Structure formats: structure tokens, C-alpha cells
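Worksheet: the structure to be examined is printed underneath.
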């Protein structure tokens, strides 16, 4: 029976693949792909500057331009995340993703023609557009998956967004090897690779229906929703799912549109907002990216040759991919709360040990090797828990009306914190050394306590059931009349 059930959802799995290749895969690839062409792009900036102004660019100016090329991706992601609150509601999830692929294609064209035009500004614009594509695509992909999946598969399917992101990182690291596309002649084509998954998603997504929950709850298209569910799930008995969506839609009458301000100020989603901000959107402060930054120094101290560092970074990315894949298999068994809560707790403990070991690295010859093991341990724990759960939990805890604005808040915090860490973490390392990890340890331990003691489990529950659990926190010592007045289940702009 289980095998038949899996075959029955093959179209839903295919939709997951299409959404992942053109969505979070792009984000992962664009994050990792920048390491390989760094020296070639900086050389191109210097040559362009010399041709324009007949003087070579100063080292400080060149580094500033390079830093902005890297960080403008995060600013583009922030803008994309902001637009993910209104565009998918107005035009639908599917149309927005089709438009988003055109953005990625424009970015790819800018990258290819930037050397011919002798303009590093085209690289800046291309990176901004790639960031916009990633910020918008990430949130809409989550909406599309969550609104197309049965609750028994919702956790597994939505966590694939992090699997594809990790796959994109590994792919970017592999194709960036100097023996492949990490050369001076090939770097523009390496930077334009994002156009390929965009083309693939644009062509294939045309054959899939709009998200069923969007059709019913936002558009009131009952028949269109039923047809979409039947096509994706290959089920005839859809009455239970239709009834649940009907309950959500029934409360929309006479209600105002829920905006970002509503999410920030409404009591009926106060604890959902805390979950959104602390353990989910703030995941950048868990220290995972800092581990990546520190890893190369630790590998060097262990005697790893510089020309082999790139292969070790591929090993880190592959470890992340494997553990996130394992998380997708465990999430509907172990539950979100346990994986995230104990994941943060273990990360805090391991990084505390790492701080001590980094402090005594010169005393014993075996310490650098122990530090390598600790780095891989942090990556494993991160992949098994916080990485995937932080991405999918907002889809579980917000109803249809609140979800787009909630994603705007989550995306804004995530992208801006990524930008700030990228800009200021090197200064923290210079000032604090290994003790900069204390910031991340404090965040992990606080998030662990918050998740384990306050967040209700969402595994196997419908949207209305989850809201009932959160209302016990939102309305302590109060009746349920207020919560009924505050609910709104569908959104229109």
C-alpha cells in the first residue's frame, strides 16, 4: 500500500523537482559559485578601471568593488523577499515564478556580455538580479509547495527547498574548479550558469497547475482547486481536504487585509511571530557561515595543501547535502520541535568545545585534526535540524492570510542578517579571534530553550489544529471570542 501511495503522488514529486531546480538550487549555486572567479573578476575590474581612467585601481577600491559585487546579492534577495508578499497574492504563485525565471535569464545575459561591454557595473546589476531571483523564488517556492502538499507529506516536501539549496552549493563548487570553468576565459559563462535552471523551470512549469490552496482560499475557485488536487495527488476522495480549506475561507468574510504591520502587532499571531524571528529567520546567527569562514584556516593548520582546499569545501557542501536529505526522511517521524531544538542545543555545545580547542591549538599536534572533526560535526547537526526546519516551519504556523506578509518579514531578516554578517564578520574575527563564536553559541542555546519549551509540535497536524495550539499561548487567561474576531484566512490585494 505504501508503494502505491508513493507512486500516486509522482506528479507532486515532479512538481517539487521543477520548483527546486529553478528555485532554491539557484540560491545555493549563486552563493558558492563566487569563490572560484574572484581573482579573475578583480583582474577584470582593474583592467576596466585602467582603460577608463588610465591609472590602475587602488587595492582598497578594488576590494571595495569586489565586496559590493558579493554583498549586492543579499540586497537583491531582500528586495525579492519584500515583493514576495504582494506579487504571489495578486498574480498567483505560478505566474510569479515564470516571471522570476526571466529575471534570472536577464542576469545571465548581463554576465556573458559584461567583458565585451567592458563594464563591471553589468556584473553588479547581474548579481543584484540573481539575488532578487533567489529572494523572491525562495519564498514563493515555499508557498507553492506548502499549498500543494497533503499534510502527511508537507514536512518532507517543503524541506526539499534546503536540499536543492545544498545541491546548488555543491554544484557551484564543482563547476568552479579550475579544471572545469574556474578559468579566466570561462568565468563569464560560469557566472551565467544560472540561466540554465531558469530555462528548465520556465518550460516545465507551464505544464503544472496553480497551487490548489491559493485557487480555493484566495480566488474562490473551488472547481479549479479540486482539479489541481486531483491532477497532483491522483486521488478521487478529496472531501476532507476541501472541507479544511473551506473552514479557512469561511472566516474571511468582512475582514481587512492582513499586512506586515498586522503580523507585527496582532495578538493572534504573537507567538508565531516570535517563532518566525528567533529560531527561523535568525538562523544566520547560528554560526554556520562563520564555520565556513574559519574552516580554511583550520584546514591549513592541519597541514592541508592550499590547492586541495577547494576539494575540502566540496566535502563540506556534500556533508551538508547528505545530512539535510536525512533530515527530510526524519522530519515526519521525529517532528520539527525535536530536530530543531536539540539541533540548536548540540550546535551550541560543539561550538563551545571548538572555542576551547582553538584556544589550545598550538599546545598539541592533534588539536587541528580534532578541530576538523568538530567543524564537520557542526555541519552535520546543522543539516539534520536547524537548516531544514527553519525554512519550513513558517509554512506550518501561518494560515493563508498571514503567510505572504510573514515570509516578507522572515526573508527581510534573513537576507539583511546575511548581508551584515558578510560585511562585519571579518572585523569580528580580527577583534575577537575564536571568541567571536561566543555570539553564535549564545544564539544557539537561547533558540534551543525557546524551541523545546515553548513551540508546539506541528507534525501531522492541519493548519486549523496548529492555530488552536498557538492560541493557547496567544490568549492565555482569555476566552476564544477575541481569537475568532481576529482570524482571517485569505488575502487579497
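Cβ coordinates come from backbone N, Cα and C, glycine included.
Annotated transmembrane segment per TrEMBL: 12-35, 63-84, 96-117, 123-144, 156-175, 187-208, 273-295, 310-331, 343-360, 366-385, 406-425, 431-455, in sequence order. Summarising the annotation, TrEMBL assigns domain 'Major facilitator superfamily (MFS) profile' to 16-459.
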Residues outside the transmembrane segment (406-425) whose C-beta sits under 8 Å from one of its C-beta atoms, at least 6 past its ends, are 67, 70-71, 74-75, 77-78, 80-82, 84-85, 131, 135, 138-139, 142-143, 260, 263-264, 269, 272-273, 276-277, 280-285, 289-290, 293, 394, 398, 436
Decide whether the stretches the transmembrane segment (12-35) and the transmembrane segment (366-385) have at least 3 CB pairs under 8 angstroms, with pairs required to be 6 or more apart in sequence. no
Among 96-117, 156-175, 187-208, 343-360, 431-455, the stretch with the most Cβ pairs under 8 Å to the transmembrane segment (310-331) is 156-175
Can you give me the average pLDDT across the domain 'Major facilitator superfamily (MFS) profile' (16-459), rounded to a whole number? 83
If we call contact 3 or more Cβ pairs under 8 Å (sequence gap 6 or more), are the transmembrane segment (96-117) and the transmembrane segment (187-208) touching? yes
Give the nonlocal contacts of the transmembrane segment (431-455) in its own chain as ranges (CB under 8 Å, at least six residues past its ends). 271, 274-275, 278-279, 282, 285-287, 290, 294, 336-337, 340-345, 347-348, 351-352, 354-355, 358-359, 386, 425, 473
